[in-house]
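> The structure follows.
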Amino acid sequence: MQVMEFVFGIVSATEVAYYAYIYSVVSPEHYQKVSSYCRSVTLVAYTAASVLAQLLVSLANVSYFYLNVISLASVSVALLVSLFLPMPKKSMFFHATPNKEALEKPSGQDAVLEGGHEDHKAPHQEPLPTAGYQESSQRSNPEPGKVVLRSLTQWFQDLKECYSSKRLFYWSLWWALSTAGFNQILNYVQLLWDDKAPSHNSSIYNGAVEAIATFGGSVAAFAVGYLDVNWDLLGELALATFSVVNAGALFLMHYTLSIWLCYAGYLVFKSSYMLLITIAVFQIAINLSVERYALVFGINTFLALVIQTIMTVIVVDQRGLNLPVGTQFLVYGSYFAVIAGIFLMRSMYVLYTARWQKEAQSPATAQSPAELHSKESSHTLSTKL
């Protein structure tokens, strides 16, 4: 099992590289639809696998061993398909050279997100080349050790520049916090279901529930591609609202004694998360230059895993609180309630700031009482004179 978990972790890391690869071959105005397509088609496949597993176990009495055989065949086919994908034509960091494709992306403004999406849909300003590009043009054959050191230095500079943007920072913060909680729910929801309805004396519909929940998530992810929303203004509010929904679903799963209500809470939770993570991915991608996709995605995912590890040690592990599975979901619900509170306060600040800026920029249609009093005094004085 430990070997399996190690291999699973390595393979899961390829999702970061896959999204970085996808965003590198499409223009920023298509990021929203591309994100929804990639996320939804993955969830549709997951739905089909869940339905197939449920049918094989419930109707054909197939053992779990053969489910693993089917999974092995599936990933083998995926490996063959991946061999036919176009290979990257260059290295982003270790052999980076200036080229037309790199200069078409506005790298000089990737951390300056306050201008809204219009700036990214029409990137006409001259980009600033990164330090890696500058140095590679200065030295055609640098030593390998210095290249690695220079690249690592550039990574840290890129991270500092990217996360200095408040908008990208908050989207990344939600990604890390919510993904940690979502992964924790996926790991332990089966145990919760078995606690609510023990498998030795109850009918098991876990596969069907996973299928329905994943299909709901795929529909939500697909719908994101067609939403016309000002995410710069309403993004944090959406994160806060659906985090409240997630918290409520987890509280329902904790307090209810009905397995069906527990299933329903999971359906709501997974669909809501898939909707928001799709939005978060393209919102972050649209504000980054191509060489920074994998860097930021990787850091966000790494932070999520660190938070999940800490949560597991504190809540689940015997060295920590070692809480029963039902109580764990009370903790997870409170965790998402805290996330909702953070982004609710942030959204109120963003909306208030936007309203204040709009009023400051618009021509004054009404005068303040002090201005009226001043004009009235001046009129009285002129009359007396």
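Cβ coordinates come from backbone N, Cα and C, glycine included.
The transmembrane segment annotation in TrEMBL covers 6-25, 37-57, 63-85, 168-191, 203-225, 237-257, 263-286, 293-317, 329-352. Under the heading region 'Disordered', TrEMBL lists 103-144, 365-385. According to TrEMBL, the compositional bias 'Basic and acidic residues' annotation covers 115-124.
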> Can you work out whether the transmembrane segment (168-191) touches the transmembrane segment (37-57), with the criterion being 3+ CB pairs under 8 Å where the paired residues are 6 or more apart along the chain?
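No, these stretches are not in contact.
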> Among 6-25, 237-257, 263-286, which stretch has the most Cβ pairs under 8 Å to the transmembrane segment (203-225)?
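Top-ranked stretch among 6-25, 237-257, 263-286: 263-286.
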> Please determine whether the transmembrane segment (237-257) and the transmembrane segment (329-352) are in contact (criterion: at least three Cβ-Cβ distances under 8 Å, sequence separation 6 or more).
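Yes, the stretches contact each other.
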> Among 6-25, 263-286, 293-317, 329-352, which stretch has the most Cβ pairs under 8 Å to the transmembrane segment (37-57)?
263-286
